[in-house]
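Asks: Let me give you the structure first, and then I'll get to my questions.
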């Protein structure tokens, strides 16, 4: 990507006025998510509502001048049962969202046989983490409530499904625990992970499904094994609550974001800190106030693993290239809370305190052949396995992301 | 203009010169004082790289040139985990960095 390619706002979605004014409901968009296949977007738009929107967006949302993707295929599928947006009324504030593929029930296969002209719509479920500790599981295509998982005693702040589609769900809660649920067994709770001393803000399962990261108010980041559900190590380094975490697509890197204005990049296999990405204000304040206004809210990796997007309280969306120490691009964004990349690249979605979501252009990336090889190798090699290979030292440094 | 690449097992490839120049190493090899000045096809020997690896490298050159300086959406470049080690060695040798 050329330096100075600022993210451009592609579209902004605002919630309509709630039909029933309820001053107790909050209006924040705590989470946004794309389905792994990129066909749906979920938006917790506040007032207890989650909107499920088919992706790419309907043309009416895209301002003139931007290329509307798949314009012709949208016309073809109109009137033929193309997926329409769904509204999920969760009954309480929605904090966490996570998609998973869902195996087709027999009824769906029968339906598909009688409607052969409709393209095969992949089956998906969405998990929603609620204010009182419940987790509701919804079928995306129909908007039907499938399951209600109970166990947490307080807000379910974040959710993560195993990327392999094995239907194991991890939830992170203000009750200081994480819980493991098996959706193959009707949502049976199979483990409680204790150890955190304060609210657990986030959880993330590595793409190779071997590790779970959780981060909490007491400044620590925990790494758990997804095989034995035991603690592997604690990562120390943040000076304040850690509120967001994400693994790189090849599971070789972990990034965590904190109210201490830093994002730390870690090697999850060795626990080493590789990078501190410090968020400084563009215009420093005149006095000593506003010390924490660059508090981080969210961090996420781009799909090819070379960029990060961060949302901070200083009203900026920042794009970082992994190998550099300062951001490569900024976009103004007020009251940002969350961000996520579209799984096939090109778009970043962000959510705000007033329930809005924005879609931004993401850097256009042409990975080097070296990086493509590194990503492929690190998808199945741990850091220690790389260090044991009979290859030159410089190549080991490259493969373990010590150099870029 | 083309570059003929001769890998380990002798199975020759013809690569467009413009594509081959993606590689900093090849660029250096072709612009050195002892380059073949007049011929249409320049030959480069890669004695340590097998042909199946070089074939993939050639595909990468095409991909890189095609999508650089264009506004098209960039698709993923397919990789196969089993033989990716060989590509990494080749890529490292050929210095295949993008801008």
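Even glycines carry a Cβ here, placed using N, Cα and C.
Automatic, uncurated: that is what TrEMBL annotation is.
Got these off TrEMBL a minute ago, pasting:
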type   : residues  : note
DOMAIN : A:368-404 : domain 'SOCS box'
REGION : A:68-87   : region 'Disordered'
REPEAT : A:126-148 : repeat 'WD'
REPEAT : A:149-184 : repeat 'WD'
REPEAT : A:193-234 : repeat 'WD'
REPEAT : A:235-276 : repeat 'WD'
REPEAT : A:289-323 : repeat 'WD'
Asks: Same chain, outside the repeat 'WD' (A:289-323) by at least 6, Cβ under 8 Å from its Cβ: which residues?
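Replies: Same-chain contacts beyond the flanks: 1, 7, 240, 243-250, 253, 255-263, 265, 275, 277, 279-282, 329-345, 348, 350, 360, 362-363, 365, 367, 371, 375, 401, 404.
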Asks: For the repeat 'WD' (A:193-234), could you work out the same-chain residues 6 or more beyond its ends whose Cβ comes under 8 Å from its Cβ atoms?
Replies: 154-155, 157-164, 166, 168, 170-174, 176-180, 240-247, 249-251, 254, 256, 258, 260, 266, 268, 271, 379-380
Asks: In the same chain, which residue numbers or ranges, 6 or more beyond the ends of the domain 'SOCS box' (A:368-404), come under 8 angstroms Cβ to Cβ?
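Replies: Those are 207-208, 249-253, 267, 269-270, 274, 304-306, 322-323, in sequence order.
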Asks: I'd like the per-state residue tally for the domain 'SOCS box' (A:368-404) from DSSP, helix first, then strand, then coil.
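Replies: Summed by class, the stretch gives 22 helix, 0 strand, 15 coil.
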Asks: For the repeat 'WD' (A:126-148), give the DSSP counts of helix residues, strand residues and coil residues.
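Replies: Split into helix, strand and coil, the repeat 'WD' (A:126-148) gives 0 helix, 15 strand, 8 coil.
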